[in-house]
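Notes for the one structure printed next.
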Amino acid sequence: MNKTAIALLALLASSASLAATPWQKITQPVPGSAQSIGSFSNGCIVGADTLPIQSEHYQVMRTDQRRYFGHPDLVMFIQRLSSQVSNLGMGTVLIGDMGMPAGGRFNGGHASHQTGLDVDIFLQLPKTRWTSAQLLRPQALDLVSRDGKHVVSTLWKPEIFSLIKLAAQDKDVTRIFVNPAIKQQLCLDAGTDRDWLRKVRPWFQHRAHMHVRLRCPADSLECEDQPLPPSGDGCGAELQSWFEPPKPGTTKPEKKTPPPLPPSCQALLDEHVI
């Protein structure tokens, strides 16, 4: 097979992988009382709220992607956190992806963010508000060294520590995903007040942002919560295991076929997508 044919096949495969999912055809929230349905990586939402684009405390990035929808609890969390940050004079909170109008699967970039309870927040707090052009094409600030073993000391700021801690202390937050090197730095900086560290979980990538996840709302009866994180601050052997080389013979897990949708989410698709 010649190179042109190989390139064409690669392009077609790439295009297929980025093909729009049915959820992207739903352009407005589904009317009804707010209900997060299913799990974070296989679910949907009825009655999502739209995060107001204009705020003196935060700015929303990539608004052209229209990923600023979520459960009312998520919208209130963002407003609550950004107000705290502003009152402390720390800067402007930069909001990344939340979810789509009815939640559901993205065509790439996220496995979760499906039930309106997840949000990505940049780990930088500009003192000067970003321009429209900067918000549409945001420049992420990679806080982790090339070898992945520690944060870049010249980029790590006390304000970023405080931002993550404030988010983790929020009553509605159940998990915050950050790079292992960032978790390690939080462990070093935390001092004796360490209870909140339990919620901060090391995960792949997440070098420039934190992924905040809320607990299932009490009245979302079909929402599936994760088990609570292990007890303790998570700064011991589990964290160190992230820095160890992979064991010989370790291979990447095969990509799994997505599980069936929860019945309520399938019914929502059947009703709202032609």
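The backbone N, Cα and C atoms fix where each Cβ goes, glycine too.
The signal peptide annotation in Swiss-Prot covers 1-19.
According to Swiss-Prot, the feature disulfide bond maps to Cys44-Cys265 (among others). In the structure as shown, the Cβ atom of Cys44 (disulfide bond) sits within 10 Å of 30 other Cβ atoms.
All protein chains considered, the CB of Asp120 (Zn(2+) 1 binding site) has 21 other CB atoms within 10 Å. The secondary structure of Asp120 (Zn(2+) 1 binding site), as reduced to three states from DSSP, is extended strand. Positions annotated as Zn(2+) 1 binding site by Swiss-Prot, on the basis of experimental evidence: His110, His113, Asp120, His211.
According to Swiss-Prot, the Zn(2+) 2 binding site annotation covers Asp147, His150. Annotation for His150 (Zn(2+) 2 binding site): spatial neighbours Val144, Ala181, Gln184, Gln185, criterion Cβ-Cβ under 8 Å with sequence separation of six or more.
Within 10 Å of the C-beta atom of Cys235 (disulfide bond) sit 18 other C-beta atoms, taking all shown protein chains into account. According to DSSP, Cys235 (disulfide bond) is assigned to coil rather than to any helix or strand. What Swiss-Prot lists as disulfide bond is Cys187-Cys235 (among others), and the listing cites experimental evidence.
The feature disulfide bond is assigned by Swiss-Prot to Cys216-Cys223 (among others). Under 8 Å, Cβ to Cβ, and six or more positions away along its own chain, Cys223 (disulfide bond) finds Gln35, Ser36, Ile37, Gly38, Gly43, Thr115, Leu117, Cys216, Pro217.
Positions annotated as region 'Disordered' by Swiss-Prot: 228-274.
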Inquiry  = Cα-Cα, whole number of Å: His211 (Zn(2+) 1 binding site) versus Cys187 (disulfide bond)?
reply    = 18
Query = Could you tell me the C-alpha distance between Cys44 (disulfide bond) and His113 (Zn(2+) 1 binding site) in angstrom, no decimals?
reply = 9
Task = Determine, from DSSP, whether Cys44 (disulfide bond) sits in helix, strand or coil.
result = strand
Note = Across all protein chains shown, the one of the disulfide-bonded residues Cys187, Cys216, Cys265 with the most other Cβ atoms within 10 Å of its Cβ is Cys265
